[in-house]
Amino acid sequence: MSVETLPPLREVIAKHQLSARKALGQNFLLDLTLTARIARIPGDLSGMDVLEVGPGPGGLTRGLLSEGARRVLAIEKDPRCLPALAEIAEAAPGRLQVIEGDALEVDALAHLTPPIAICANLPYNVGTELLIRWLTPPEWPPFWSSLTLMFQKEVAERITAEPGSKAYGRLAILSQWRATPRIALTLPPGAFTPPPKVSSAVVHLTALPEPRFPAQPKLLERVVAAAFNQRRKMLRAALKGLAPDIEDRLHTAGIAPTERAERVPLEAFCALARTFE
Ligand code: SAM
């Protein structure tokens with residue numbers, strides 16, 4: 001049997017009794033046309049290893065394999081899904097490795113060979129935490145070339161937000177400093193089984209070879225965290241705990257001390273971080 005001739009996902013779910021568990025954020029994608037469409041977002045996968053987090057019954061996994069991924073490494077926390085995933089592995093000999101475990105704890109890199117794409121339909125809280133980890137590795141460029149991740153639409157908008165919008169904040173700055181994010185696809189709740197309460201969106205991020213503007217990661221993170229912690233305050237007040245001469249530093253970075261964080265572009269935050277080097 002090939003991946004394309006495996007039974008429909010509803011049958012797989014019924015056979016293995018995979019009733020969705022809320023605690024694991026299980027909202028499954030059962031439409032294989034849709035999962036193939038998501039698998040095409042990263043582009044040509046033929047020479048790539050793909051890390052998939054939370055494969056569940058394997059809809060997206062099947063899409064990734066059908067779209068030609070060299071290998072897929074799938075990390076799944078729910079042991080009930082493993083027999084269904086084993087059937088996919090059997091249909092794609094040598095191309096699917098499944099690890100049972102928590103993606104926040106498994107060292108996936110040890111099992112992957114570059115170039116690496118990451119693709120996942122994940123529970124919201126795990127997704128944001130993993131995104132931040134993947135965006136803040138000890139060294140840049142990171143081990144991955146692109147991230148294709150499902151989020152609640154509101155979170156996707158925070159990742160891609162421009163200065164001057166309410167959604168603009170730490171997530172936008174971390175995502176846009178060393179990567180180029182875009183919303184590739186928006187999905188209504190009805191695309192999932194069971195449907196979640198809100199719409200979702202797939203965000204595609206490609207890693208830049210170098211940061212868009214120079215800055216030390218820890219310093220940029222400190223400045224941005226302090227600025228957006230009190231986002232309604234003027235920056236001279238929000239940042240006064242960082243340095244007694246914060247007004248001079250803001251001037252050096254070309255930022256008016258009366259400005260508020262949500263209107264300051266990424267380039268200026270990087271300039272401000274550099275005053276602390
Ligand atoms: N990818 C499948 C799909 O699109 O139908 C399932 C998506 S469902 C939103 C999220 C999946 O992530 C579930 O299978 C769940 O068991 C798994 N999961 C939840 N937390 C996880 C974690 N910390 N590490 C690995 N998998 C996790």
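Every residue, even glycine, has its Cβ placed from backbone N, Cα and C.
Taken residue by residue with DSSP, LEU29 (S-adenosyl-L-methionine binding site) is part of neither helix nor strand, so it is coil. The S-adenosyl-L-methionine binding site feature in TrEMBL is assigned to ASN27, LEU29, GLY54, GLU76, ASP102, ASN121.
The domain 'Ribosomal RNA adenine methylase transferase N-terminal' annotation in TrEMBL covers 34-209.
The average pLDDT computed over the domain 'Ribosomal RNA adenine methylase transferase N-terminal' (34-209) stands at 97.
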